[in-house]
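Sequence annotations record features per position, and here TrEMBL assigns transmembrane segment to A:12-30, A:66-84, A:96-115, A:148-166, A:187-216, A:252-274, A:286-308, A:314-336, A:343-362, A:382-402, A:414-433.
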């Protein structure tokens, strides 16, 4: 996954991109043998390709696409991707066109990640320059985080599996990345569009509005503002131009306006396409309602299905609230602590969502692992990296094995599979905790460099 | 393990106050050498203790109620069975070339009982290894090859519909029968099955349908049963199937004959089905026997070390021992029975138990030395067959469809008089009747008892909770050593930096070391990944080699070796020459490579223990010492001390022994002398393994890869 990093020296970026695309195309030609689209790790009730095809079929036969609790995605996806589910080319694999769309979505996401990463790197260098730390931290050693992040996203087995497994998560991920890219490069309509579409498709990216506001208000990631002030106090020249800009409300209001516009547009489109089938209310009930009430308890790599299969019916609502408030609880403290690093905040939010969402899949992990690549320079001294790597490898191998034991061999049971889901959740927690603490340590190190204190081992 | 490793890593810079658990972690890692020696010894010792720790089996599903009803099989049914045996052994019935006559006789007998009869024609399908089918479920999507009409088999299937049942469930009784050269034993097994069958047509308590499958074993027992099961479980809805047996005139002839001679609605040309299978019994009677009493052998191992539910074995064992007075045994490694060291080990355990008992009378865990030796022999064979992953009989085919099945092989004390034959028919029949009656009582499928166990005798087993302890001991050193190597590699780089740098330059150098330190393992991970990739390629090669027609095992083995080396070289050149890079790296780097390798081995062994415990256990016995001892030869040569020399020798020996061809060569040499072992055998062996999709196969790759590191 992250092996790519070191190879950049000897191999050009584009070679790897082509290699990963070719690898995907090869895999697309064996869809029957791999049978990935029926794996619970890849296709959840929200992202399953089969359900999309079913919804499209229902709609074609003038029934509500949400009839029978099969399809739970957006009606826009039905109109855009639906025709691809039945189009076939003679002599080619069945879903070639749809797979190609996923591949293109992946590549586009990778390119957007690359552009954003370059943006972030430039911003980081600029802030180091204004802090006069360029000499102390060898900038020439800096890795091109944009390239690395893009390659991590493209070569990550999780991304490849989600792409070849015909799930819709490449598209959802692309919307999220579009939103962050727009916010980083200050293309406000694009950011608003990405945010509205991402929220429309899978609800959870709604909380990305906080990092986006920070991004638009203060610009991309930089060391805390306090440091700049300290630096300039030392020099006793207050050079306003070198300070990062203060929070400005203009772009945020601009963003709000565009977001409103885009959401009205999307809702109108949905309303038109669902006019005969119960309208928008029906859509909200079977997409957002389905996500929030955890109706489908079929196994996935999350932890909620097992819990809600066990819980007593009259506690169900209580625990639904508890689980969803869990995400909301973490928003505020993290936003306060990491407000100077909005992109990193976005990464943490995405990781937390993919851990606590009701129907997680490996596509979500692919997204946040890709975003993690942006911060290779900052997170260079992250602890447990080997442990986390081994953990991810182990869990991603163990999960299909446990599923096989439970479903096919009949010698295991649901607890076997759930155990891997728990380990997976723990790994994600360790990743987030270590990542955040490494980032805070990095800030602390910068502060020590400025104040001239020797580096202490406080962590 | 994660715990210890995590703790260890968090304490690269020791703080004044550390929590006890962290201190424990540090302690374990700093003494990883001693701890790993202790753990490995404990693991091996625990493995030898398993026969002592075995528990008595018990019937865990209450609904089974074995032996609660008195057997209804009477002499009338026995004489029916005898009639069939006589007809089959009659030389007239063997006149036909294809043995159709005897199938007709059997079908006729079944029809006379009022059962539904059909023939199932199949082409023997060789087990084809398909690399991409490895992980998918059994499916019907196998492409039929073009068959000739000359080779097909006929299974005769008789079905009794249960008077009280709803037709949703069924019990299967299988008797392999080779019509062309059937021994007396096979005829006798048909006789037993027939007598039970004739009883079951009359009884009123039957709630599940009974299927009697006379599997045509001229192409192997397994192939016939597997073909029938495939047809049963995965119906073909399309009529577009490639030319099959129906086209052949000979078979059609058979049907016409049948149609003429038997005018009844009970016979049908189409494939007949009953409900889902609750369980299956394969019944065999052995021809030659030199034992002094009637014994019955149970074979349970299915593909990849899967076992049927323990309750099924329990029921058979209980009924055979307590009702029919038959001796039950399971497979043993006979060579172990006479080994003196095992005997003395057993005596040591026995005397230890005596001492313990004298100290505290409630400690009763000892077993007599002879029993210990027998238990170990059984355990060893149980481990061996599970590890091999090749089913020990036709029952293996059932397990692929989650049906619990065992093979019962009755070996009677041989004499030819009629009384004896009636006796064995009566007792065998009553045993089968009892088992079927028990299974008939089941309300759900077998789920109460264990699926993961090792047998040490027919009535003793070691459950997963016990044998996993031995395994855990064995692999516990791996994460510990990996963590300690990792910590060492990191801290040593820090120390050297700290010594060389003055306080003023500390920030600068720290920046360097930090940037490298935490992600430096990526390089080693890359190396390990590439070697794994190579292993995967090597393991997929036989599939392509086997496509080459007309290859003797020796040549194909040579092709395999050549292609493997070629692929290694290609990978080497394409992917930034990883091996050269490894050679150039220093000691520290090497420690990291070892650390990553060991963690990957740990993950692999952990996975394997879930898939197939026995393979993982045997693999761990080989690989754990290899992983822990591994050290670059160059370093050892340079060090030149006695200890490093010993270690070098150990490495070389272990590396060569664990390399699978070498291992097989040694084994073969030990078994039948070094003269007739050749590399072709290895090819055959591997071929037989991958034909069964064996997990062992994956394992070989793993071992190969370790070797390439050594």
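Using N, Cα and C of the backbone, Cβ positions are placed for all residues, glycine too.
TrEMBL entries are annotated by machine, without manual review.
Since we're looking at a predicted model, the values are computed, not measured.
Residues of the same chain lying 6 or more positions beyond the ends of the transmembrane segment (A:148-166) and with a Cβ under 8 Å from any Cβ of it are 1-2, 4-5, 8, 13, 16-17, 20-21, 23-24, 27-28, 31, 34, 36-37, 39, 41-43, 49, 95, 98-99, 102-103, 105-107, 109-111, 113-114, 116-117, 361-363, 365-367, 369-374, 376, 396. Segment contact holds for the transmembrane segment (A:286-308) and the transmembrane segment (A:414-433), given three or more CB pairs below 8 angstroms at sequence separation of 6 or more. The recorded stretches the transmembrane segment (A:12-30) and the transmembrane segment (A:96-115) share 3+ CB pairs below 8 A when only pairs 6 or more apart in sequence are counted, and are therefore in contact. Tertiary proximity for the transmembrane segment (A:414-433) is limited to same-chain residues at least six positions away from its ends with a CB under 8 Å from its CB atoms, namely 299-303, 306, 348, 351-352, 354-355, 365, 384, 387-388, 391-392, 395, 398-399, 402-403, 405-406.
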